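Annotated in Swiss-Prot:
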BINDING   Ser56, Thr57, Arg58, Thr59, Gln83, Arg107, His134, Pro135, Cys136, Gln137, Cys264, Leu265, Arg292  carbamoyl phosphate binding site
BINDING   Asn165, Asp225, Ser229, Met230  L-ornithine binding site
Amino acid sequence: MSKAPRHFLDLLDMSTGELRAILDASVAMKKRRKEGLIADKPLAGKTLAMIFDKPSTRTRVSFDVGMRQLGGEAIMLTGAEMQLGRGETIADTAKVLSRFVDIIMIRILSHDALTELAAHATVPVINGLTRRSHPCQVMADVMTFEEHRGPIEGRTVAWTGDDNNVLASWAHAAERFSFNLNVATPQELAPNKPLKDWIRSSGASIRLGTDPEAAVRGADCIVTDTWVSMGDKDGEHRHNLLRPYQVNAELMRLAKSDALFMHCLPAHRGEEVTDEVIDGPQSVVFDEAENRLHAQKGILAWCLGAGG
């Protein structure tokens, strides 16, 4: 009987030990790459299928380059080409792709489509992003924090903005990696009920509130994201609600003097963050972007049993 594939769908699906093994492998791969040691090709002969229902820059390039650096190949399939769930069923798509490729990464708004694909695939499936969660991004974020400030355990991360997929994965990471997460959102844009219920039952050190100053006070890191995400409506109303949550120099001064600033990009400068902050010495946004490549290499290797 064949082994069940190692999927990477959500941080809560894996143990802390498994997530730490992925990060350790990612750090080691980055170090070897920086030292010019590029002969190691653990995924030689392997093919990654990348499925996108929306255009993507960072996710597409980082997975494509990452797979190539590990010795494998990547092919891209768009929503228009796939008609995922509109023509051939998701289940049949999963079964067919599993006969052609060794691993699948999908970036799709519907989390249910992701889980259905994984349920029927006989090869590993990676969550490249859904409306519910963005685990690859937060693995890169944790890696970035630890590069600059050491172990994240026991530290405090502050989120200011609204409820979205990145926040959900930060909450999951807080539970798995044992750090404190302070969340500040407008009441109208507070975490959704399933996430709020999970936070209450998880025992994680996560504090929900509406005051951005209280959330960031004494924090080791401040994180934000765009105010209007893919598919969001009522942009003007959201902007009015979120304007007090902008990360600016005044807000940064309430955090620790060496606090990091993170943003998964693309950023809308002058909205959720000022130029002064995102271009300032505490900003590590481009390290985060680079670490998407390295963290995802660790994830690819783990899923295919070549590391971790």
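All positions are counted from 1 along the displayed chain.
From the backbone N, Cα and C atoms, a Cβ is placed for every residue, glycine too.
According to its DSSP assignment, Ser56 (carbamoyl phosphate binding site) is coil.
In terms of C-alpha distance, the listed binding-site residues Arg58, Cys136, Cys264 place Cys264 closest to Ser229 (L-ornithine binding site). Within 10 Å of the C-beta atom of His134 (carbamoyl phosphate binding site) sit 26 other C-beta atoms, taking all shown protein chains into account.
Annotation for Cys136 (carbamoyl phosphate binding site): spatial neighbours Phe8, Thr59, Ile126, Asn127, Gly128, Leu129, Arg292, Ala295, Gln296, Ile299, criterion Cβ-Cβ under 8 Å with sequence separation of six or more.
If you take the Cα of Asn165 (L-ornithine binding site) and the Cα of Ser56 (carbamoyl phosphate binding site), they are about 16 angstrom apart, rounded to a whole number. Inclusion criterion for the binding-site residues Ser56, Arg58, His134: a C-alpha placed within 10 angstroms of the C-alpha of Asp225 (L-ornithine binding site); this criterion is met by none of them. In this view, Asn165 (L-ornithine binding site) is surrounded by 23 other Cβ atoms within 10 Å of its Cβ, with every protein chain counted. Counting only residues at least six positions away in the same chain, the Cβ atoms of Leu265, Ala289, Arg292 sit under 8 Å from the Cβ of Arg58 (carbamoyl phosphate binding site). For Ser56 (carbamoyl phosphate binding site), other Cβ atoms within 10 Å of its Cβ number 17. According to DSSP, His134 (carbamoyl phosphate binding site) is assigned to coil rather than to any helix or strand.
When Cβ atoms from all protein chains are considered, those within 10 Å of Asp225 (L-ornithine binding site) total 24, not counting its own.
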